[in-house]
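Report on the structure given below.
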Amino acid sequence: MSRSSEGYLWTPEQITSGLPTDAVHPSTPALRTHYDVIVIGAGFAGLITARDLSRKHNLNVLLLEARDRIGGRTWTAKVLGEEIEMGGTWVHWNQPHLYAELHRYGLHRNLKTSAGSFTPVDQWFRSSSGPVEKVSVEDYQATLERVAEKFFAIDGLDSRALMPYPHDSLREPAPWKRYDYLSVEERLEMSDLDGLPGWEKELFASNVSTFGSAPVKDIGFVEALRWFALGGHSMAGVFELAGVYKLGSGGMTSFARAILGDFTGHVSFGTVVEQINHGRDMVEVVTKDGRRVGARAVVSTVPLNCLNDIQFQPPLTPLRQAAITKGHINKGAKIHFKLRETLPGWFFTAHDGSDSSFVFAFSDHNGTQLTGPSGTWCIGFGYNDQLTNKKDSKYILQRFKHDVNPDVDIDAYATHDWMNDPYAKGAWACWGPNTASEYLEELQKPHGRVVFASADWADGWRGFVDGAIERGQAAVGEVLGMLEGREGGRARL
């Protein structure tokens, strides 16, 4: 079986760097010096763009990828007899761009659930002032909805009035823009919410922190509002759409491979782009190893937090550069744990005022062995800038037992170090205050003959695979407009 250089597995007996996966794919042996289009990045935005431009529109396309595999921030590793998602995981039929693609490839038939978010038997919460406490599932959900109804209503506007079209949020009138300056913490401290008990506010805040593995002082109110609107204006809807359903039978890598299978161009892995230079009628891409390749158009799917690593000539606009410098805020860890005990579904959150390194954790499944349940696989998400050393097993195990559950034995853990990954510099995108109104429109614009496509600045499911596909589809239209000379598909430098 193929093995990526990425991923990390700890067991008491062995440490493994680089995990087996079907995401590794060979490069095209001989590349040209010029293509119609170069697509940078083989995550879902890049795969969709490359597939449609090559197969549907018969263009010569080169797909460049810095990693040794497809999928970007989404890939499925094979660990201890299980398929585990190292990055992006959860999907839903109410994520329109993604579900259409799943249906195209028949992969919607492979959906399954994560136990702790689908049917939790135990719900746990750590407040700022006490130990972990068990809360009834009914009380937990009722509290979230009660606080959310008040939190997302401001100055007489409820969430539907503030953001009626979350997949087209820039459509005017856009009253949410007036409140983009607020953080989630600042909104919780406003006087109209003074009547809410502090414990209820903290429970709600801990759940909103899961949107970006971040303290609520760092998450924008409008960012939380967008999640809430996408979830049908309920917290239950948010968590169903964002954290319940996932792919079996090959996981997200099977999805990426299906798209790649329809791509008819060339591909080069282990290829790091360092420069993108505009000529009069073409763009030159320069790689770290000195290769120069030309194209009539380029699509960059490089994550927001990594765009500063590429030199653009002419330079990017000051507004786009400001957005890149600010970046997105999610620098949290995602760690899969194999617990010896076979446990029913459970879900845990911790307020950012507690001493927990984990913002949330939940059980995923009890193994897929033919002999029946075997322990519990669960997933823990660390607060930003916590759990920063994937190799410090003593500390990671200590924190899980202290923060989440002291009564378990941990037989293994596996992780991808997204926060220190040079081609990600963070996990899924989450934005802080004063970001959407300032930068979203600018980030979606082309720069000359360079189109930018990433889930990091999607209209709808930003930070999700659905958002990546949305931006990939938009990039196809932009590129075709450029190549056909349509004004709508061209940006002047």
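Note that Cβ sites are derived from N, Cα and C of the backbone, with glycine treated the same way.
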Completion exercise
FAD binding in TrEMBL involves Glu65, Ala66; of Val238, Val244, Val273, the partner in that site is Val273
Fill in the blank from the handout: Here the 10 Å Cβ neighbour count for Ala66 (FAD binding site) comes out at 21
Problem - For Glu65 (FAD binding site), nearby residues of its own chain (Cβ under 8 Å, 6 or more apart in sequence) - result: Gly41, Ala42, Gly46, Val267, Ser268, Phe269, Gly270, Thr271
Exercise for the section: Sort Glu65 (FAD binding site) into helix, strand or coil using the DSSP assignment. Expected result: coil
Practice task
Other than Glu65, Ala66, Val273, which residues of the same chain sit close to FAD? List them in sequence order, counting a residue when its Cβ is within 8 Å of the Cβ centroid of the site.
Solution key: Ile40, Gly41, Ala42, Leu64, Arg67, Phe269, Gly270, Thr271, Val272, Thr287, Val302, Tyr423
Exercise for the section: Looking only at the domain 'Amine oxidase' (44-480), report the model's average pLDDT. Expected result: 97
